[in-house]
Amino acid sequence: MSETYDFLFKFLVIGSAGTGKSCLLHQFIENKFKQDSNHTIGVEFGSRVVNVGGKTVKLQIWDTAGQERFRSVTRSYYRGAAGALLVYDITSRETYNALTNWLTDARTLASPNIVIILCGNKKDLDADREVTFLEASRFAQENELMFMETSALTGENVEEGFLKCARTILNKIESGELDPERMGSGIQYGDASLRQLRQPRGSTAQTKQQCNC
Amino acid sequence: MMERAMEQLNVQLNRLTRSLRRARTVELPEDNETAVYTLMPMVMADQHRSVSELLLNSKFDVNYAFGRVKRSLLHIAANCGSVECLVLLLKRGANPNYQDISGCTPLHLAARNGQKKCMGRLLEYNADVNICNNEGLTAIHWLAVNGRTELLHDLVQHVSNVDVEDAMGQTALHVACQNGHKTTVLCLLDSGADINRPNVSGATPLYFACSHGQRDTAQILLLRGAKYLPDKNGVTPLDLCVQGGYGETCEILIQHHGRLFQTLIQMTQNDDLKESMLRQVLEHVSQQNDSNYQRILISLAEVGTTNGHKLLSLSSNYEAQMKSLLRIVRIFCHVFRLGPSSPNTGIDLAYNGNKTPRSQVFKPLELLWHSLDEWLVLISTELEKKCGDITSTSPGSDIASLFLKQREAGPSIVADTPDLLSSSLDPEVMMKSPEAYVDGQDVISMTANRLSAVIQAFYMCCSCQMPQGMTSPCFIEFVCKHDEVLKCFVTRNPKIIFNHFHFLLECPELMSRFMHIIKGQPFKDRCEWFYEHLLAGQPDSDMVHRPVNENDILLIHRESIFRSSCEVVSKFTNEKLKQGIAVRFHGEEGMGQGVVREWFDILSNEIINPDYALFTQSADGTTFQPNSNSSVNPDHLNYFRFAGQILGLALYHRQLVNIYFTRSFYKHILGIPVNYQDVSSIDPEYAKNLQWILDNDISDLGLELTFSVETDVFGAMEEVPLKPGGTSIQVTQDNKAEYVQLVTELRMTRAIQPQINAFLQGFHTFIPPSLIQLFDEYELRNTEYTSGYDLEEPVIQWFWDVVEGLTQEERVLLLQFVTGSSRVPHGGFAFLMGGSGLQKFTIAAVPYTSNLLPTSSTCINMLKLPEYPSKDVLRDRLLVALHCGSYGYTMA
């Protein structure tokens, strides 16, 4: 039978090739480090149901290839994403330099409202660091991104990254900033949400009428 | 002494007369068992006076239980509604709560049968309404099952627990809901029944209402605040509605629980659910109002897009995602084609051209088509790279070689060509490019199947916006754009054509691009594809079914089989004939597969009967082609059309026909041009002459040939030009090839063009030209003789010994006797068809009585062979049966 959840969020994982996007996803879903990781071909898919702030949320995650030759293909998956993990490699300045391009793509192709969290991956390789935490957090602030450094190898901050992004989206839904009913919002209601719903108001009145018979 | 004897005699006489007058005994027998059977019929007929009279002075135990189920007479009275007897028995002390072997009290039986008065009286005598039978059922359960609301209303006041459960934990409300008794449900609810009560498996009243599609009952429950609860296995009421295809009940659920709409849509991804049921439900919901229609389509499009994208993820399960995508898109297209419930409510007028809101529903899918397009572009780039790798020695041939050059030259060139590469390319790619090229090949092989499935989905979506039978220009453009990639796909894996490229069959322009690959595939695969497509969209793809309706039977006169078949077939719609054929010969009883086969068999012999002058024999005497002089028969073109219909119909239903046509005629059916070699089938000598002309220099022979021929039209010679002004054009060495071609066309085609056209017109009503072109002229006349006999049973051994001793002719008779057809089916004996699909040749043993002949059931290809005492008797009887009884059906 179908899984029950309150919401379904569509997520993207984007960033240059070799930054560890697939490993992040694998770590998040399987709780393991993916040893022999190849370049992703096109776009891969993963999903996990998580509990955020008392709500069950199914994350539908599209893990994109970072290689340039797939860029056109991966771009076609952007539309209708509610959240994104923008990943760079802290040991590769080039992947950091490419962030602006990725960000522009996400903001223009996905949705202006897309919630993005910047992930400086490979936190475990601190010795080879080419991008400082401060520098990246400044970049995140300027571009209104959330930010954390992660390690797909140790699992540090991986779960937190996905959850933080999901929580922000949930908050925006609750504050009315995001409308899940809007087409292309990347958010869907699940089956479970009806448990919290009360009976429609009109029905009580009708019940009373029928009781008289 | 005498007096006493007299008195006794008087009493006896009195008894006798009374008994005779009443036509029954007047005294109850002593023992209870005999007595009870005397009383029972009277109780059943409520003959209370008689019962009362008989019981008056007897010692009969009114609670005596009898019969298999150990019921008392009170049970009988309650069951039959014999209220007077019931009261009588109660007055005489019958126990109102006496339980029979199944634990049922008289009240149970009265309730089950709705015996209102009996119930009332039983209650007066303190019958206990709360007693459960062995299954835990109480009187209110019985009333609820049958929806006896009025009785329930009376009874329920006496019930201590309206939610009393049976052995399965089912309450009266559960059973009332299952059966959809609205007033009963209301009555129980008003009496305080628990609306959310689960049974042992967790099923609630709403669950039961949904599982049986009780729309109104579900409505009542939901209005009264029933909770939407799954059972212990997680099966929800919505699941049940969809499984049963109960659209109306689904609609009610969605009205009350709006979120279920999404759940319903998500169900299209569930492989366990029957597609037809799901489609039925979505169809119903979409037809409620325009907004539902739009919402369903948009949501389906969204789900389809997600599924398509998942399919394009290489780590996903290809089979599962592919099926899921195609199922969703099929349902989507189906609902879309139906249109909104209120068409043309100004919607189409509000916008120009194709920008109507109706086409808006395709919007979400555009994402998928966009990805598909990008993928194909990517593949095409990969293909170029592959070529580039091979030809990398020639500098600058394409982008790939540019890459190679750069790698050799080092980073300095990158600086020289910044616009070309650095800005758009990821530095990572530059560094890892050798590795990236290695998997270029793999990308194609890994994605070809998946992309092809998405292409199929794309085609379906394109087509459902077009009138039936038209290919969308959008799609043609798409195929043209990606021509190279698609060809690469099917060259690598031709199965893709059969699995996903069904569009080819509907679009000849596109088909021709792939024809050479298709023709290279095994006959069997093409055959399967042919039938799969031919029968697609037919409600029941069960070959030939037996129509229930008497009007759907083709009633044929055996003695004028050709004419009467022609008349009867013309009265039927093509759609009906496609659904199935049932034939009955006038004055015979037999019907079914065997008769249908025999009909095709005899009819095909009649079509080539020289008396009708429709077909002429070829030179070798075994093949036929239309007779150019068939116009002696004024109706000839109608008959040709009929012949075409019969052949098309036979092919459609996989039936055999007993005609071999000339190769050239098969070519006409296939739309393949004829050549001079085909002439040999009708005139081998002339064909040799044509060959000779082609092989030799004719310049100096003085043949004096012009582009014309003389033909004999019923004895008169006429000069027919082969082309305009042909009579004055000389045939020379230079134009002799044209001459041969034209003269061939004249002999093979032009002379019988009207006949061919009429035949094809009939043929194409059942077999679309696009489909038949899957085959060549040799395959079309496909017949193979194979047999798969089993020689294990010792009894059967004789039979086969006898068969071996039969002449060829007798064997044909045997085959006809058993199967109704003198031919082995397409694909051999293994494909012998029965009324309900494949049915092997079988032999059934029947007990032997002297002189009994073998009989057969042709629908199931069964020979009923009596267990003869010896091989000789068997041979004798079999031959008698074969020679006398191979035609004509009577019920055996």
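Glycine is no exception: its Cβ is also placed from the backbone N, Cα and C atoms.
Unlike curated records, TrEMBL annotations are generated automatically.
Per TrEMBL, the feature active site, glycyl thioester intermediate maps to B:CYS859. Per TrEMBL, the feature domain 'HECT' maps to B:573-892. For B:69-101, B:102-134, B:135-167, B:168-200, B:201-226, the entry in TrEMBL reads repeat 'ANK'.
Sequence-remote contacts of a segment are chain residues at least 6 beyond its ends whose Cβ falls under 8 Å from one of its Cβ atoms, and for the repeat 'ANK' (B:135-167) they are 102-103, 105, 107-108, 110-112, 114, 116, 119-120, 123, 129, 173, 175-176, 179, 181, 183-184, 186-188, 191-194, 197, 199. Within its own chain, the repeat 'ANK' (B:102-134) has Cβ neighbours under 8 Å at 69, 72, 74-75, 77-83, 86-87, 90, 96, 140, 142-143, 145-146, 148, 150-151, 154-155, 158-161, 164, 166, counting only residues six or more beyond its boundaries. DSSP assignment over the repeat 'ANK' (B:168-200) gives 16 helix, 0 strand, 17 coil. Per DSSP, the secondary structure of the repeat 'ANK' (B:69-101) breaks down as 17 helix, 1 strand, 15 coil. Residue counts of the repeat 'ANK' (B:102-134) by helix, strand and coil are 16 helix, 0 strand, 17 coil (DSSP-based).
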